[in-house]
């Protein structure tokens, strides 16, 4: 009856006069359906009514009512909950409230992410797919996940559904792609993207303004692009390989920025960048005039005032510089750069106490650990001032500048104060923007801001009087005349001002804002106003998707499946299939019920102490391990006589000293804490972990292990001079170097870690946060190099071995590093493996080589939904982020945690799905790998994670479809539940392959040639280069950056509707797959009954005849 739904959101503006009748009609429809739904008893009909009401409220921009209607429909739990239109509408509404409500920002934002992800999961050919990617790109940018944001903007840029209408044009999308490259530090890619975009614009002299102002909008976009290009030429000169010298780069920067201002003279940021360029060229007068224009448009930007202060300081106008820095701090009292520049000004004026106060404030407001010069200067000033008696300091003559306390009591411009109050009032009413979006592109100039510069008694003029101007042009900069307050023989390097120092990010403007309502301009294909997007095709495909999965897969042959699929022929591309047996959208599980008591939140860790070899190889051990979330097995190395010395640092160095090892640089701290490194004045625990990746060799890391040990001993002996302590640690060092020959060693006490209580002392706090290096991911998969080590592991019980017939991962067909191959970890005290579940929730085996201990934390898989929610709450990603759970948060969420020590020789079995994180207590090496028990539980939980990864657009390291076909080919299954799930996966895979082939045949016929390419030995499974889902059998190959890459059908069609630039390959013929599918049957174990030996005497005649008959019958059977 009504064609308007959420697919038209952003494409029609009902506030326009020409849409008044249509708006009135929608309001009438809403009233009618609201009345109708009150008397409706059918849940499905009621849900559909609520969905329609929500769509119409959304089109009218009434987000609150739209959300209420959507939630009412969702609460009815009908099949419409998987409707992509409903999920799309929900995503838009959640995103709107997420950007406008600071108190529930995280909840609404992550709900929006989940809704948009479910849209793409349920309908990979959604007509507004490009819009979904754009919205996800903005949301991830708000969450500072620039990598994910860039991925979605790139996918929207190449998406064919852009033609259906979108809130951003293709050029605007490309601009945001360039900005994301720039924010992530990929300056060359950003430059190339901007240059590519500039080449697409029509020159101003050739352009004609259209009635709707499209050309005007394009000029504003071109102004933004030129602005960023100018900034790259000025600021990131070392990152661009252009062959220009400094003078040429500044010239190009000024040229780009002047052109940008020509196209859009309302952008204050462009004036600010141009002022920086003029200042760098020593064009001080031009710089002052430009900064003045900038303040007219960016009256509440601390960066501008900070640069003005630096310019004043270079001209020896110290009082003017002081007031400019004070203005910057008044705007943002946590502006660390302004505090640092103010400190430099005080130090140059021989006022060390005030300089020290400013430097300490700068460090307090921002973690400037990377600014070694600032921290060195603070230490030098503190040392210098401590040597001066207080009596002399109190009698010190007044400096040329007012003291720091007096500086902030001086009158500041009244205009600035009024604008601050106005900003605070507006922030309550306006949409909450991301904190990093402090600079807004003002579209109009505030004429009243002129009074700032005309009131000389309130603030120094930006453009000095004639006398001052001549002085400015002829005076030398004070940079080289900075006073050395310490009067030492070696002058420390001076601190650089904010305009000179190397910064990690651009000014606040560099952050991209979320799409606001003005972005939803009318870019609409007229045919959309009259009919739904591809309505007929969507209905036909919906029928196919609903009917095909209902085929009883366990009772149907491949021939019957093929016959049924031909009856559902469609020219529309098939949607990706779900491999979950119930076909539902995967969602995190709710917390288990009933909730646990506080006494149950620290359960005893399941542990086994082995005393004999028979116990180690018994099936009871395997059954016990598979029944517990996590198990520590003690004594295994002793009873199996494992030579753990083969994995010691000494042996590794002797065998392959130049073998590569990945190194993670971390902060050493207690295992129950994860201190925020950006806060230096107090302890604040956070979930997010930070570590930097680098690479070295085994030899170099072994030297670091020994060095760190000696440094720790030296550090500890300064606080504890007990001789026995040193002797004990010397023994531990020898064991680390020489290897642990199957002995159970005591835990190293000298681990360098401090308890929570000791961190109250500043010096101990600093020691506890020392930098350490964790050697990880040492690959031991090469049998030629590590044959001795791999042969030793063959002594383990069968279910723990790296390679065995009952290990699912042994049937992948190629090496997956760290999963079906061994990896070694080399640790010093405090080395952390952050919280995670294993890839695709497979089990894992971890053995401690020693000599030190490791502390483990584990949580059962049934609580992963709670942990996922806590990760979102704490600003990290459960699947891809690096996080360290805080125990207090877990206990508050009623999550039980296993906690135990893994001693040398102990083996930890991590069952499927167990969440765990590990920290080394002493110096030790560990080896680990994954195994996949051939059980229904393991397979189910792995395929559920496979689908969850697909929804979250995260690559599944284990190719479950490829693996399932290999298992069907190689193994006979006698477990009915396991057989059912494997058969269903085969059915879904075969169905999708035939649908793809049928689609290609109907739409492309002879124009597309399918070429056979047999799989090679050890050839990895293939993944789509865009969406990272597994691509099995049918490969769409194209050339990208001089490499051949694989895409799935959906992504190939997004890039090229006609598939003209693709080569289509298949690796298995459809007949071969049908044969495997048909031959995979439930294997029934033969039953044997004992027969009576011939030597046994005949039954006694005195027996009851009925008994004799029963015995005979049993024997015959």
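Backbone N, Cα and C define each Cβ position, glycine as well.
Note: TrEMBL annotation is automatic and uncurated.
Positions annotated as repeat 'TPR' by TrEMBL: 47-80 (among others). Here the repeat 'TPR' (47-80) has a mean pLDDT of 90 out of 100.
What TrEMBL records for 302-335 (among others) is repeat 'TPR'.
Sorting the repeat 'TPR' (336-369) by DSSP state (H, G, I as helix; E, B as strand; all else coil) yields 27 helix, 0 strand, 7 coil. Feature annotation from TrEMBL assigns repeat 'TPR' to 336-369 (among others).
The compositional bias 'Polar residues' annotation in TrEMBL covers 438-457 (among others).
Sequence annotations record features per position, and here TrEMBL assigns region 'Disordered' to 438-463 (among others).
What TrEMBL records for 490-518 (among others) is region 'Disordered'.
Taken from TrEMBL, the feature compositional bias 'Polar residues' applies to 503-518 (among others).
Residues annotated as region 'Disordered' in TrEMBL: 580-601 (among others). Below 8 angstroms of C-beta separation, residues 81-82, 118, 121-122, 549, 862-866, 868-869, 890-891, 893-897, 943-944, 947-948, 951, 980-981, 984 of the same chain, each at least six residues beyond the ends of the region 'Disordered' (580-601), sit close to that stretch.
As annotated by TrEMBL, compositional bias 'Pro residues' applies to 586-595.
Per TrEMBL, the feature domain 'JmjC' maps to 785-948.
The region 'Disordered' annotation in TrEMBL covers 1096-1117 (among others).
TrEMBL lists 1106-1117 with the feature compositional bias 'Low complexity'.
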Long-range neighbours of the repeat 'TPR' (47-80), counting only residues six or more past its ends (CB under 8 A): 2, 4-6, 8-9, 12, 14, 23, 26-27, 29-30, 33-34, 36-37, 40, 86, 89-90, 92-94, 96-97, 517
Composition by DSSP (helix, strand, coil) of residues within the compositional bias 'Pro residues' (586-595): 0 helix, 0 strand, 10 coil
Number of helical, extended and coil residues in the repeat 'TPR' (47-80), per DSSP: 28 helix, 0 strand, 6 coil
